[in-house]
């Protein structure tokens, strides 16, 4: 992780014109802490996917349901019942457990986005993740004493605690990172999501097999400790903005504040709700985000179960191999972002064309991979290879719809993100429920039911990606036109930069508010 920090620092320092502070710049430390926070958030989100495989007593439910795939006549891979857990939960109940976290996560998206803007982001983010981490310690006792619904209640509260992670991280970046560094530093922070998944899945598999207190409980104890330590450190060492930081170098403080507020000549306008509701490019982002989350959550929550139920990997191998697709996504997302930047900077492609082409890679890629994987049958290596490539290509969305909010409306991008992220997570929480109910039918072959799960996710990926390609745009929208805002008296713009064109052909003003 220190290497990651050094890479961030070295790539950004050359852009600085004023302070030459190297990796000791305070904003780099804030970025690094936010990266670790995002990683912790995704650890808490994904560890149940591996843990539940070890928690369930597959032998107990196998008599009532065809829990394993026995359709491959040449398969000599034994079912290791010694890995059976404590709870006779069928696939449908497992789906409700896996989705309970997202109910809590979803309902806090928009409220925390509003509260963070009014009261600041630091404490909401720090204390939210602290609640998430502390309740991780209660997962084992909730499962053993409270059963399915006791566990669902604790996971729901963990989701509530994690709710601030996206809106508050976005707000913190807006206060700490100058505009010319935001895309790269923002990408570095949100790469923590894949990093957390990569760490969580293999380590959870090892803890489930070799850990204490029966194995799987140690997953939540270990990650609970890590999350608690990060939350306390974040609250102690990170500050809301440069102006409130007591030890930041004055040159850096001046540099950041001037970059953020030096051109603030326009009052913050009201959100144009009516125009947003009528905007097809906004709906293109919305549906692309929803389609991505449904497909991504299907894989993230159900892949470990598929690995054990159909491919019959051991718990140790399960966690490691389940993380491979997310390692590919982490690496390919960075590679694809370089290609996207070249497409734009070389002027060979318009911004709209770039977003659509790259997003097509990010959504058609995993969609086609899921269809192909549903036909690989008993070939474990081929199935895993196809899923790894497909999820890896999914990294294209970070240079596609994921940052398209900023293209449409720089000033209202945060609000648009809260809407699309909330809606997308509502779609995502349906994924484990749908999968759980499909694969729990004992009267139908397991492989056939998994094929339906994969087909549904692929269909959603492809349809939503196509909708984005038809109605998406990379142009700033006419309803975000600063020239129509009320100007502050006694301040005049001195910028000589050519203003960007709006989607209706008019020009934006020469100075744009950073609000």
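Positions of Cβ are set from backbone N, Cα and C atoms, glycine also.
Caution: TrEMBL annotation is automatic and unverified by curators.
Under the heading compositional bias 'Polar residues', TrEMBL lists 492-515.
Taken from TrEMBL, the feature domain 'Major facilitator superfamily (MFS) profile' covers 26-476.
Look at TrEMBL and you will find 479-515 tagged as region 'Disordered'.
Here the transmembrane segment (21-43) has long-range neighbours at 1, 4-6, 8-10, 12-13, 125, 129, 132-133, 162, 165, 169, 172-173, 176-177, 185, 188-197, 199-200, 223, 226-227, 230, 233-234, 237-238, 242, 245, 247-249, 251-252, 256, meaning same-chain residues at least 6 beyond its ends whose C-beta is under 8 angstroms from one of its own. Residues or ranges marked as transmembrane segment in TrEMBL: 21-43 (among others).
For 93-112 (among others), the entry in TrEMBL reads transmembrane segment.
Here TrEMBL flags 124-143 (among others) as transmembrane segment. Same-chain neighbours of the transmembrane segment (124-143): 37, 40-41, 44, 48, 55, 86-87, 112, 115-116, 150-151, 153-155, 157-158, 160-165, 168-169, 172, 213, 216-217, 220-221, 223-228, 230-232, 234-235, 238, counting only residues six or more beyond its ends whose CB sits under 8 Å from a CB of the stretch.
According to TrEMBL, the transmembrane segment annotation covers 219-239 (among others).
According to TrEMBL, the transmembrane segment annotation covers 324-345 (among others).
If you look up TrEMBL, you'll see 381-401 (among others) marked as transmembrane segment. Long-range contacts of the transmembrane segment (381-401) within the same chain: residues 187, 190, 194, 284-285, 288-289, 292, 295-296, 299, 303, 311, 321, 324-326, 328-337, 339-340, 354-356, 358-363, 365-370, 372-373, 468, 472, each at least 6 residues beyond the stretch ends and with a Cβ under 8 Å from a Cβ of the stretch.
Per TrEMBL, the feature transmembrane segment maps to 413-435 (among others).
Here the transmembrane segment (450-471) has Cβ contacts under 8 Å with residues 69, 280-281, 283-285, 287-288, 290-292, 294-295, 298-299, 302, 306, 309-310, 356, 359-360, 362-364, 366-368, 370-371, 373-375, 400-401, 431, 434-435, 438-439 of the same chain, all six or more residues outside its ends. Sequence annotations record features per position, and here TrEMBL assigns transmembrane segment to 450-471 (among others).
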Looking only at the recorded stretches 219-239, 324-345, 413-435, which one has the largest tally of CB-CB distances under 8 Å to the transmembrane segment (93-112)?
413-435
Do any residues of this chain, six or more beyond the ends of the transmembrane segment (219-239), have a C-beta under 8 angstroms from a C-beta of it, and if so which?
29-30, 33, 36-37, 40, 43-44, 47, 50-51, 122-123, 125-127, 129-130, 132-134, 136-137, 139-140, 200, 203-204, 207-208, 211-213, 245-246
